[in-house]
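For reference, the structure discussed in these notes is given below.
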């Protein structure tokens, strides 16, 4: 799915957040409800599928699935609650929430099925080395993601329209929240050392990198000369 998604993102802009337009959105719902709904399969389906795997009683499987669940506890529960206090408009397109829900059904099954059933922990001599490196990258990315979300939500709560975010990684890229998430799923790919984890990482890049480029162009067009010229879209100093 990554390649066609990347191509589609070159021609179609998902109408939510700063790219929201009422003309292209159709039926809309509350953003906190949309995020909680579309991310929810990553929790309830993951738990259901995990219990059906042959590795269900293996402590290493529980350790491996934990970072994935921590990320989605934040994305499904904590982030919508943070967003709830700052979002009063029903401006999240329902069709995006539904397609996100369908994607997460598929991905939650693939990731949890790999960890709970297909992974071979007994013969994996480098598990702890890969897990340690991957967890460090995953944890760093999650901190970046949560911090960047907090900065954007803080600016939104001030009112008065969009502002230029500054400080930290915002001095280097327009979308550090996306950079953080890319770091997370690269770490996940290393931890799982699987086609499932690699596929998720590639899909994340195919989806978020074009979105970050659109965000960057939006900032430049809106703020013109006031927007920092040395700031990249998503990867510091590179792109």
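Placed from the backbone N, Cα and C atoms, the Cβ positions cover glycine too.
Owing to the predicted nature of the structure, the values given are computational and were not obtained by experimental measurement.
TrEMBL lists transmembrane segment at one of the ranges 92-110, 111-129, 149-167, namely 92-110. Annotated by TrEMBL as transmembrane segment, the relevant range among 41-58, 131-148 is 131-148. TrEMBL lists transmembrane segment for one of the ranges 10-34, 185-209, namely 185-209. Predicted-model confidence for the domain '3-oxo-5-alpha-steroid 4-dehydrogenase C-terminal' (91-239) is 95, expressed as mean pLDDT.
Look at the domain '3-oxo-5-alpha-steroid 4-dehydrogenase C-terminal' (91-239): DSSP puts its residues at 109 helix, 4 strand, 36 coil.
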